[in-house]
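Chemist: Before we start, here is the structure in question, set down as structure tokens.
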Amino acid sequence: MIKFALALTLCLAGASLSLAQHNPQWWGNRNTIVHLFEWKWSDIAEECETFLAPRGFAGVQVSPVNENIISAGRPWWERYQPISYKLTTRSGNEEEFADMVRRCNDVGIRIYVDVLLNHMSGDFDGVAVGTAGTEAEPSKKSFPGVPYTAQDFHPSCEITDWNNRFQVQECELVGLKDLNQHSDYVRSKLIEFLDHLIELGVAGFRVDAAKHMAAEDLEYIYGSLSNLNIEHGFPHNARPFIFQEVIDHGHETVSREEYNQLGAVTEFRFSEEIGKAFRGNNALKWLQSWGTDWGFLNSEQALTFVDNHDNQRDQGSVLNYKSPKQYKMATAFHLAYPYGISRVMSSFAFDDHDTPPPQDAQENIISPEFDEDGACVNGWICEHRWRQIYAMVGFKNAVRDTELTGWWDNGDNQISFCRGNKGFLAVNNNLYDLSQELNTCLPAGEYCDVISGSLIDGACTGKSVTVNEYGYGYIHIGSDDFDGVLALHVNAKV
């Protein structure tokens with residue numbers, strides 16, 4: 001009986017711990033993460049203070065913080081080839097990183113670090129030099145900056161069969177030297193690295209290539225981490241938020257269900273299906289059942305996105321900034337529909353898969369510059385600064401904890417729905433106008449459409465909709481309008 005009670009206690013403690021790792025530790029009603037891909041730490045700090053906090057963003061996913069290999073031309077993916085765990089990259093050094101985390105936390109913006117626990121750098125001719133000046137010999141699995149030697153890695157092999165668990169989790173992903181996370185020493189170095197970031201005030205981690213590591217090894221690592229730092233405004237005993245990259249199309253041996261109890265999981269099916277719908281390959285009317293009925297994870301386990309830094313570069317159904325009208329409609333739906341832990345993308349312009357972030361002649365990442373409307377102009381796309389997207393972050397905050405009600409569709413690609421009595425969204429992806437009296441579920445009054453304009457000093461700079469005493473309003477979205485979506489909420493009442 002005593003053994004049973006002890007086992008039950010340990011089981012419940014483990015369940016409680018994993019549940020806590022699904023909590024993003026947001027401030028107030030904020031509930032959207034933005035991925036400021038390849039931004040410098042000093043620029044993120046300023047963005048937190050001047051743009052993200054005033055517009056209600058909840059957190060920032062940042063690029064990998066550890067020292068990486070220097071590759072010719074400086075492609076973005078060099079950040080995913082670690083040399084050591086020193087906090088020096090093209091985004092800045094440890095002092096600048098710590099300053100950024102502190103300043104963002106001070107204004108209620110949480111920081112989530114993209115971390116590389118699966119591997120170190122791939123092969124390199126001769127001695128490689130990292131962004132902190134550390135030397136390594138990846139071909140010999142020698143990384144003295146940690147230090148790691150060949151005994152800390154799995155034997156080299158290639159992944160040729162994605163249904164072979166051994167290959168997926170112990171062979172080398174695209175030639176990257178595969179760490180042995182079952183080793184006590186490797187575990188200790190990974191935990192030390194993550195704990196240092198927690199000490200500096202981060203709120204959690206995006207775990208790159210999680211499916212390439214055994215779930216039981218990750219469970220041990222996550223469970224060994226320190227609680228979040230109360231000096232950065234986190235409550236006592238708060239656990240780091242974990243979201244894991246697991247690409248699961250439903251037909252491979254290693255599945256997302258092995259990881260979703262340890263933390264949230266990136267729901268790639270969401271990205272693929274929302275792209276198909278707004279590209280016109282699936283009628284929007286079917287989105288009424290969006291979520292688990294589509295084979296997605298439970299809402300609290302799913303990290304959702306229209307595109308990410310990887311799949312936006314691939315051919316296929318995934319939308320990106322190069323299809324702006326459809327991308328804005330998809331993002332509006334993403335942020336309005338009550339499903340998932342939402343993340344929006346902030347990209348830089350690219351012509352091919354390897355395009356580096358905007359940089360100067362010395363290959364230093366340059367800071368974003370803005371026009372008079374606040375949009376980025378020097379190679380940075382900054383989707384998060386598009387009014388149609390940051391306005392929907394405000395919409396999502398305004399309707400938090402409300403249910404989806406009042407669904408309407410025309411049997412095809414025109415839809416609308418309410419979020420309780422606090423918000424209303426309408427979308428037109430047909431080649432003809434949407435012009436109809438629709439139930440907005442809102443209290444009577446005049447509302448500013450936050451997609452086409454902003455509410456400034458009590459006046460709307462875009463479309464406005466008058467809602468009658470029954471909650472109905474006349475909605476018009478022309479097929480040729482600049483935006484194919486309209487959004488109203490209680491905080492945008494004129």
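Glycine is treated like the rest: Cβ placed from N, Cα and C.
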Chemist: Of the residues Cys48, Cys171, which one does Swiss-Prot pair with Cys104 through a disulfide?
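Modeler: According to Swiss-Prot, the disulfide partner of Cys104 among Cys48, Cys171 is Cys48.
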Chemist: Besides Asn308, Arg343, which of Arg110, Arg165, Arg187, Arg206 does Swiss-Prot list for that chloride site?
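Modeler: Same chloride site in Swiss-Prot: Arg206.
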Chemist: Can you look up which of Cys441, Cys460 is joined to Cys448 by a disulfide in Swiss-Prot?
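Modeler: So the cysteine paired with Cys448 in Swiss-Prot is Cys460.
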Chemist: Swiss-Prot pairs Cys376 with one of Cys382, Cys418 in a disulfide bond, so which one is it?
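Modeler: Partner cysteine, according to Swiss-Prot: Cys382.
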Chemist: Select one of His212, His232: the residue that Swiss-Prot places in the Ca(2+) site alongside Asn118, Gln169, Asp178.
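Modeler: So the Ca(2+) site in Swiss-Prot includes Asn118, Gln169, Asp178 plus, from the candidates His212, His232, His212.
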Chemist: Please name which of the recorded positions listed here, Gln21, Asn118, Asn308, Cys382, is nearest in space to Asp208 (active site, nucleophile), Cα against Cα.
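Modeler: Considering only the listed recorded positions, the nearest one is Asn118.
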Chemist: What is the number of other Cβ atoms found within 10 Å of the Cβ of Cys460 (disulfide bond)?
Modeler: 20
Chemist: Which one is it: of the recorded positions Cys157, Gln169, His212, Cys382, Cys418, whose Cα lies the shortest distance from the Cα of Glu245 (active site, proton donor)?
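Modeler: Going through Cys157, Gln169, His212, Cys382, Cys418 one by one, the Cα closest to that of Glu245 (active site, proton donor) is His212.
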Chemist: Counting across all protein chains shown, how many other Cβ atoms sit within 10 Å of the Cβ of Asn308 (chloride binding site)?
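Modeler: Its Cβ shell of radius 10 Å holds 22 other Cβ atoms.
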Chemist: In the three-state scheme derived from DSSP, which category covers Arg343 (chloride binding site)?
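Modeler: Looking at the DSSP assignment, Arg343 (chloride binding site) belongs to a strand.
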Chemist: Which of the three DSSP states, helix, strand or coil, fits Cys48 (disulfide bond)?
Modeler: helix
Chemist: May I have the list of same-chain residues other than Asn118, Gln169, Asp178, His212 whose Cβ is within 8 Å of the Cβ centroid of the recorded Ca(2+) site, in sequence order?
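Modeler: Nearby residues not in the site list: His119, His154, Val168, Glu170, Cys171, Glu172, Leu173, Leu179, Gln181, Ala209, Met213.
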Chemist: Taking the Cβ of Gln21 (pyrrolidone carboxylic acid) as centre, how many other Cβ atoms lie within 10 Å?
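Modeler: Cβ-Cβ neighbours of Gln21 (pyrrolidone carboxylic acid) within 10 Å number 22.
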